[in-house]
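Engineer: Have a look at this one before I ask anything.
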Amino acid sequence: MEQALKQARLAFDKNEVPVGVVIVCRLNQKIIVSSHNNIEEKKNPLCHAEIIAINTACNLISSKNLNDYDIYVTLEPCAMCASAISHSRLKRLFYGASDSKHGAVESNLRYFNSNSCFYRPEIYSGILSEHSRFLMQEFFQRIRSAID
């Protein structure tokens with residue numbers, strides 16, 4: 001999760017919502033992909049950290065199934081990202097801070113408990129959540145102060 005937090009800080013420095021991700025091979029515990037939100041730079045609402053990481057990992061291993069991999073995310077995934085995690089069959093999802101507004105794992109939609117869920121990973125929440133939460137608060141305070 002510390003590496004995912006480093007990615008979130010990179011996003012923060014680029015004025016992106018500070019969400020970071022790493023995908024880790026379960027067999028050797030090596031990070032195969034790291035990413036962060038890139039929506040503003042790419043001018044593309046699909047460039048969430050999780051989507052970028054999953055796409056890169058699938059291309060890297062030439063497979064749509066990531067069942068030998070885990071994903072670490074600094075913020076609870078939204079519905080789009082939860083669906084991508086499900087469809088790529090990532091074995092385990094570890095995330096930091098909950099997202100009471102857009103979270104789709106345990107906060108709002110609870111995608112993995114829905115009938116439309118394709119596959120449910122093992123889910124572990126609250127990992128270094130205070131660090132993720134602080135970074136998000138700092139980011140949005142900066143945004144609000146720029147508006148004022």
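The backbone N, Cα and C atoms fix where each Cβ goes, glycine too.
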Engineer: Need one residue: from His48, His87, the one Swiss-Prot lists with Cys78, Cys81 for Zn(2+).
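Structural biologist: Among the candidates, Swiss-Prot records only His48 at this Zn(2+) site.
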Engineer: Just to verify a number: CA distance, Cys78 (Zn(2+) binding site) to Glu50 (active site, proton donor), in angstrom, no decimals.
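Structural biologist: Distance between the two Cα atoms comes out at 10 Å.
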Engineer: Which whole-number value in Å describes the distance between the Cα atoms of Cys81 (Zn(2+) binding site) and Glu50 (active site, proton donor)?
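Structural biologist: Distance between the two Cα atoms comes out at 6 Å.
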Engineer: Per DSSP, what is the residue count of the domain 'CMP/dCMP-type deaminase' (1-116) in each of helix, strand and coil?
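Structural biologist: Per DSSP, the residues of the domain 'CMP/dCMP-type deaminase' (1-116) fall into 41 helix, 25 strand, 50 coil.
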